[in-house]
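Participant: Just passing along the structure, written as structure tokens.
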Amino acid sequence: MTSLLFVILNIILTLHLCAGQTPAADNNKRLICYYDAQSYLRPGFAEMKLSFLKTAAEFCTHLIYGYADLNDDLYEISSLNVDLDMFHYKEITSLKAEFPHLRIYLSIGGDHDNGHYDAGKYMRFLESGKDRQNTFIESAIHLLKMNDFDGLDLAFKLPTNKPRKVHSEFGLLWKKFKKLFTGDFIVDPDAALHKQQYTEFVGNLARTFRNANLSLTMTVLPNVNSTWYFDVSEIYNNFEYINLFSFDFLTPLRNPEEADYTAPIYLRDEENRLAHYNIDYQMNYWVNHGCPAHKLNLGIATYGRAWKLSAKSGISCKPVVRETLGPAEPGLQSNISGLLSWPEICSKLAITNGAGYKGADAPVRKVQDLERLYGNYAFRPADDNDEHGIWISFDDPDFAGIKTNFVKTKFIGGVALYDLSYDDFRGLCTGVKFPILRSVRGHL
């Protein structure tokens, strides 16, 4: 009897320890994993081999392959890298044989569209008419079927909001006064027409895809104004789910002169922050306009945004941080100015004793969000010559878990993790591979 009780207690303990990392197949919440195929070609430790992707596939319910292009001369879907995609498409979709729970989609658009953000291309496509759009749809079905994708993800690069501008107190008063007479700045004067055209296009696309036994999803990219382009109540039913990229509200490129939380859960109503620069606002907008919460997935980034500090930025560096100097230097892995992958951030935080480290090698100080509302940041003040200063806004694995709890509280359908290649897929920081992915899965 004692032996039997011991065995039962061991089983219970084992189940409890494993509960934090439930495989995707055992959980009805979605975990959408974005895979940037270009990471397959990155040099050194940045190269994401198929073996790493297999580790992630256990935890993901859906995998989104990024990215395909829109050829606006032929009105067809096309490859951004034919030499890679001609074999890599099927290499990735073949993962379904080993992971039968996994559904794999091809995404069109994203932020990799031939290296520049060409919103005009998508506007021209919406204006092109049904015949040319049908040409695109036929080409998409052919490409998806030929390579065994389960569906298409629309990540159209539509025009974005103008970035928040830095104003003095007098400047803010003048802006409010001026707005009385001029109104808001108009990014797209034909937004109402484009909204109608997008609604008609996705309706036609969804009907055709259903007949072809293909799924359709949508990704709302950062700073794309949903009010302008998405008739929420009319379009949501055309999609299996909708991913809201509720991060990068501020970036060093869009906001070079000030640093702030890039993906807060809630609004910190001070320092003249904009009311829509937070997750809660974005989710509420879609739900309040008719989209069921279970159709939505919350986008969580596995990277941080990094600003270069000046001497005038001060030494406390509490956000909002003024007098910043745009993007910080790129990391060795990500190689993008103003962006640091989680292992790159973790390596800067790992130095517990700063003695002997100076300049760019000096440690950064992490400031943890004890309120669990806004996010973490880390910084190193600049010297008197405006050198070596850095300020980073990021979600570590713990805060990604906090955001996942928000998803559960709000009855949201799941999480869209962007991007697997910026998580610590080699386990360089703590020895655990994909710590952010694992944290999200453990909290779903």
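Each residue, glycine too, has its Cβ placed from N, Cα and C.
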Participant: Choose one of Cys60, Cys291: the cysteine that Swiss-Prot connects to Cys33 by a disulfide bond.
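Facilitator: Between Cys33 and the options Cys60, Cys291, Swiss-Prot records the bond with Cys60.
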Participant: Could you tell me which of Cys291, Cys429 is bonded to Cys346 by a disulfide, according to Swiss-Prot?
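Facilitator: Answer per the record: Cys429.
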Participant: Under 8 Å Cβ to Cβ from Cys33 (disulfide bond), same chain, six or more residues apart: give me those in sequence order, or none if nothing qualifies.
Facilitator: Ala56, Ala57, Phe59, Cys60, His62, Leu63, Ile64, Leu417, Leu420, Leu437
Participant: When the Cα-Cα distance from Asn213 (N-linked glycosylation site) is computed for each of the recorded positions Asn225, Asn335, Cys346, Cys429, which gives the smallest value?
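Facilitator: Nearest listed residue in space: Asn225.
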Participant: Sort Cys33 (disulfide bond) into helix, strand or coil using the DSSP assignment.
Facilitator: strand
